[in-house]
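Student: Here's a structure for you.
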């Protein structure tokens, strides 16, 4: 393959360069060889796949000195000073094999809630959809017919946050009174006892990862009263209380390495050991409330043993023994994590983001500035290469997931952007805003792909199903909309 | 008797006057009672009605005070205005977020009538709005008129050749921006004018773009970030002028939603 490409070019009189393929971790692939300067990414892909000796050819993206090779190697190098004597390193990045298609139309507008829809979440396999609302109910929706399935009463105040267990068998919902209830999506009934203990409202819920415990027994909750509680769902009691924050805990994440991360309005992020509740580290640096956090392995932890590439049109439950699920989840987690430790990005009211490596260091890896208003949500892409941040300054900014370098700004919304969600192949991003529209952005082109108007009032919650087929959004106009291709 | 007992100190005077006051109060009250007994007929009925109303009010205030002292069980109804967790500690951040009611707009447009805050305006004669300018060698010709009210000229405005321009719009009375108040949100913004839609005084003033009290103008609202149901951004809306701009030096208007 390499020989034929080289031969073709030899007939033409073109400048030639020595290149060496390198993967993201820095490992070299093959040995350096000669290519003409005007080689295109397709040819590079053929060569690389041949060197990788894979059965199915992978789609790859190539980067030279952080610039992507789009048209030909020569064009990309024009802007940079290149020494033709030295060997050029081309970094290849495998892209997701499957492609998620952009959603373009609203297939249904599901009414039923009598108050604003505050939170929306797809189950890890994409089979069920749950929504929490200000009318104190949690509703399950049947996705194949797009009709209501179950209405779960039990809370006595607004349902602020909902979270699926990684195996998709349980849903935890937290309300403004500080109560947590667990629901079974297949019957719509409450599971176990109500978990009460927090004195103020629940701000976030996070389950223990599947690869740590395939039974999905423990869930952690953070609240405005400044404490984090770890609950045992089978016993129905509070296992551990982690206090230390002086103000409301705004965000909570259960990492894959057995660490619990909590961000608070007292401008710190605390790292706890999940098994014994010991405070490991306090990350300081922000100048105002820390609103949101994201882990590089978030998507893998959320979907557990479900592989989006293997999704079928009709979403199914996860099958297999607990051991099988645990192994699958662990392999997916290790793949996304890569060589280094998990990375954490935090967004704050002081208009900046910090990139941390919390398991290693107290100092941040990078400080990302540029936003002109507070940052409402940060999300890592599923392949952990890009960070997207939604802010009240009507823009979404993209940053490199490894170094924190600024990539692009996505502008188009006319009011504050509230929430964003990535598609499973990391190529598309959907954002919901206060101006009642959703927008789908193409990340590679860094442009708007589709505009999705239709909501009558602010859009409070957005989610993209892990199988990539649907986007669900809910807002102040009390109806839940499902968008498909 | 002691001579000293006859001298009255300041303290005593105060005490005596207080007692007199109290006695007078009681007398007044007694008079009231006597008045009540003496009233007959319609006068009595009205008086009793008034007393009854006052009694009810007094009872209500007493009950309110009682309620304040005792602790009541909270109402079971959940409060309105549910917001997600990230908006809970933030209040009043989003300023002019308005839900544009498309159905109401369409109905209004169909009817051809607009419900405006100022339906009637004071009629102003032509002599008040247009001042006669005398021209010519002997200042005999009187065909030119100068507008004495505030007016709006567009961006690409160029005067007609002075020899044949009939209406003069002085530069000092040309305005581009207006202070527009949103009636529901009670927030005021300074927005550029796009044009004059209708001046209620006369169609002549509409063509001349004269702005007086009650004129409906079109303003550029892209700053507010309003969006229609289809997802298009609204950038022009009507507003009605509420002050006399020629007296104040600024144009105040209220947005027509």
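Cβ coordinates come from backbone N, Cα and C, glycine included.
Given the structure is predicted, the values throughout are model-derived calculations rather than measurements.
Per TrEMBL, the features are:
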- A:18-77: domain 'NLE' (DOMAIN)
- A:110-151: repeat 'WD' (REPEAT)
- A:152-193: repeat 'WD' (REPEAT)
- A:195-241: repeat 'WD' (REPEAT)
- A:242-282: repeat 'WD' (REPEAT)
- A:368-409: repeat 'WD' (REPEAT)
- A:410-451: repeat 'WD' (REPEAT)
- A:452-485: repeat 'WD' (REPEAT)
Student: Using a Cβ-Cβ cut-off of under 8 Å, list the residues of the same chain that are 6+ residues beyond the ends of the repeat 'WD' (A:110-151) and lie near it.
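Tutor: Residues packing against the repeat 'WD' (A:110-151) from afar: 157-164, 166-168, 171, 173, 175, 181, 183, 185, 187-188, 302-304, 306, 311, 314-318, 460-467, 469-470, 472-482.
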Student: In terms of Cβ proximity under 8 Å, which residues at least six beyond the ends of the repeat 'WD' (A:452-485) contact it?
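Tutor: Sequence-distant neighbours of the repeat 'WD' (A:452-485): 98, 100-122, 124-126, 129, 131, 133, 141, 143, 146, 302-303, 306, 308, 311-313, 315, 418-425, 430-440.
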Student: Using DSSP, what is the helix/strand/coil residue split across the repeat 'WD' (A:152-193)?
Tutor: 0 helix, 18 strand, 24 coil
Student: Could you give the residue numbers and ranges of same-chain residues that sit at least 6 residues beyond the repeat 'WD' (A:368-409) on either side and whose C-beta is under 8 angstroms from one of its C-beta atoms?
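Tutor: Non-local partners: 24, 66, 93, 95-96, 288, 291-300, 308, 336-338, 343, 345-355, 415-422, 424-426, 429, 431, 433, 441, 443, 446.
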Student: For the domain 'NLE' (A:18-77), how many residues does DSSP put in helix, in strand and in coil?
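Tutor: Once the DSSP states are binned, the domain 'NLE' (A:18-77) shows 17 helix, 21 strand, 22 coil.
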Student: What average pLDDT does the predicted model assign to the repeat 'WD' (A:242-282)?
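Tutor: For the repeat 'WD' (A:242-282), the model's average pLDDT rounds to 92.
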Student: Go ahead and report the DSSP secondary structure tallies for the repeat 'WD' (A:110-151): helix first, then strand, then coil.
Tutor: 0 helix, 23 strand, 19 coil
